[in-house]
Amino acid sequence: MSDAIDEDEDSRTAAEIGLLLMTSQNPPVRATAPAAAPARASPRGVDRVAEQQTTPNPRGAGPSLSYHVTRAPAIPPAVNNRQNIGRSSGRVEKKKKKPSRHSTGAMRSHTPSGDPPGRRASVTNRFRNSTGGSALPRPHTSLRESRTFRATQPTYNLFTGGDANSRPGSRASLAPDSVRASSHESSKENMAPPDAAEYESQRQVIEELKAELGTLRYTISTFEQEKQMADARHNAELEDQRRRAQADFTAKQAAESEKSQAARQLENTQKELSDLRENVAQEKTGLEKRARDAEEEARLLQEQLEDLSSSKDEAARINERKTIDLEMQLQAAQKSTQELEQEAEAREAALQQVQSQLAEKDNQVGDLESEVLRLKAHTGDADTMAIIKRELSEQVAHIRSLEATNREQLSELKHLRQIHRAVEVVEEEKRSLQRKLEAARSLETELAEANIQRQRLEDERLAWTGYLASTGGGGGGGGDLEFDSPEAVARALVEQRYESASQLDKIGSLQAELAAQESAAKSRQEEIAALKSQLAEARSAATTQNIDKTRLRTERQRVLAVKEVEYLRAQLKTFDAEDEAFQPEAVDETRARRIQELEDLVDKYRTEVQALHTDMSALEAGKPPAATADPVPAAGTKRPRDENDQDSAAQEQLGLLTRKNRKLQDQLAAVQTQHALTQKELSVVQEQLKALKTQSKTRVLSLRSNPTSDYEAIKVAKLKALEQENADLLAQLNSDPGVDLVPRTQLDAADRLVEEARAETASAQKSAKRLKEVWSKKSLEFKEAIFSTLGWTVMFMPNGKMRVESTFYPSQTDEYENSIVFDGEKGTMKVGGGPRSAFARRIGDQIGFWVREKGCIPGFLAALTLEFYEEHSRNQMQTD
């Protein structure tokens, strides 16, 4: 098909070149066109005037200008369509190879005759003369257009499978013959071709094929995009699996570190137990020492408390005196502060007066300076003033242009900032939704694993509950379970085992102690009998010796008593002599007192002597003293030994030590039991760690139904459907390419694409709806904020426009005649009621001052707010 089009273009070009050669070889003097010769093809058949101008012959032969008025008949559209085939680069037509009769007939022309043979005209002028001077239609394609079209054609023919640039070998020889053959048939050049309808149908078919080709290209591009997205998702899932593997590895390392830490804790526990045993004895002595120290500290603290109470009372009295002094100082300071404030007020008044005088002086100086400048301006040069005025006007114009540019850039910047904020909000929502989606996916996987684990544990718990209920309900009758978990059962069993072992150890130790105590009791009874016999022998042998010893003892005591009496009498004499010498007036009283004391002392000695006599008589008779129940021992004698008291004290001390020994043994047994339980728990923990380690080696990588497997299944199904669709299309093309039907698989694929497009459209509509809801909420908050703070009601309009209306001067109708419309894109402002409305005339002065001169929209709105508020308040006062 492309070969046919290129051949048509080449034939037209060859016809043009042949026509130029013919006119150059046989130059006519005058060009005359017959009345039946048609002019250039025109669809409406209008009259044309063809003007031909030739250059004068240097030799001066022949006329040089001729005019032809022809009537061009209406040519059907088919001919124009046929002539415009080569001008459209995107249109492909299938054209049969025919003789060059119709292709060159449109280029046939009648050249003028009568020119001399020696005339030389350029190819361009001759071509212009042949096409413009005659009434023939010009070809629609030139050499440049044909070359351009040929350059833009594809090198591979999609429908035939051959090379599009291939040309038949006989094409060069056909072009001149067709030109010579067509030069004799000028009357048929504007007739409609017989195959115009066929060309039109073929063109429509080609257009449909082009549409189908574009659809296939779009489908291929979408498939490639989906493939890229699938690759990206696959890479993301691989990265997620890597992260999970890293997390499992870190968990395994943490478990191993916990295991080593538990071993270290066990060693530390054993060390602490040995240290505890060693510290028990030290704590006993330390407690006794602490008790003594505590008593000493309590005594010291009591003394310190008394000192502190006395110092507290003294400090209270000192603080009272200080408080009184500070109150007096505060009153004096307040008086001085009042005086200073009065002085400051006086100084401020004087300062204000001086400032007012200074302002008056400044005003006078300014007036004088302005007067001097005015006088200098009057006396200055006119040219200088003109230059200054021109420069000032240029500066003012430049400043105004800069202000206008600044206002435009500010408005554009505000608009872009609003768009940027909205985009940031959308991006933030998108990121948050992506994070939530990722978290939800991870939670789904964790939830599935947790459900499986929970089900397994639930089954195990039900089995243990049934076992415990069966074992506990046999003798109790359906009450509360003694154990609530298998762990409690195992712990109770281990405790019972260790308690029974400790009880057996205690029984064995008690039996050994009992046998030892029995043997000790027998040996002590034998020792007591031997001691009693020895005591009786000693008493019988020591009776005679005791009498002599008591006599000697009493003699010594008597001698000592006599000496002591003599000493006392001598001391009494010295006291009497001293009293008589130094205090003669107080001699009688002191003497009487001392005599009484001595008499008392003598009575004491008498009683003691009497007791000694009774003891001696008792000892002589060999019986215990019976005169007194609690005899007082004589001076210089030792207290007799009480064997019963010593035995009782020893027994009490022995019993106390025995009780302490039992307590320590009980504590030791409890500590040993706890230690055994700790060791058992440690072994259980180690076994659990081993089980976890084995579980970590066999991990569950994925469940049967997870997002990854589902996505892979969907992708595989799509690929299979595409393969089946391609196979059906190939089978249809190979079997019968003329049938206008599509396979079922292609229709199913189109349905799937439609469903996916609908899902994407629904998602986009949902997101747009959410964004609209968010925007409506934010815009409502923005409107309320502006309404409550600035006093303007804001309404957003399409195309970036905004309508504002004052709350103090609202519109009376629904046409918003008292509103102002701002266009953010154009940077313009319009009055709602029009430029000639009452509202526009009222705010015209404000617009001229604030908008045109100052260029300040906020100031304009603030001035309107103040004006409208004053009017509103006056109206309210009048109505009230």
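Heads up, the Cβ atoms here are built off N, Cα and C, so glycines get one too.
All annotation found in TrEMBL is predicted automatically rather than curated by experts.
As annotated in TrEMBL, region 'Disordered' covers the listed stretch 616-648 rather than the other ranges in 451-483, 583-615, 616-648.
Per TrEMBL, the range carrying the annotation coiled coil out of 318-359, 360-401, 654-695, 696-737 is 654-695. Looking at 514-541, 850-877, the range tied to coiled coil in TrEMBL is 514-541. Per TrEMBL, the listed range annotated as coiled coil is 747-774 (candidates: 747-774, 775-802). The compositional bias 'Basic and acidic residues' (269-295): residue composition by secondary structure is 27 helix, 0 strand, 0 coil, according to DSSP.
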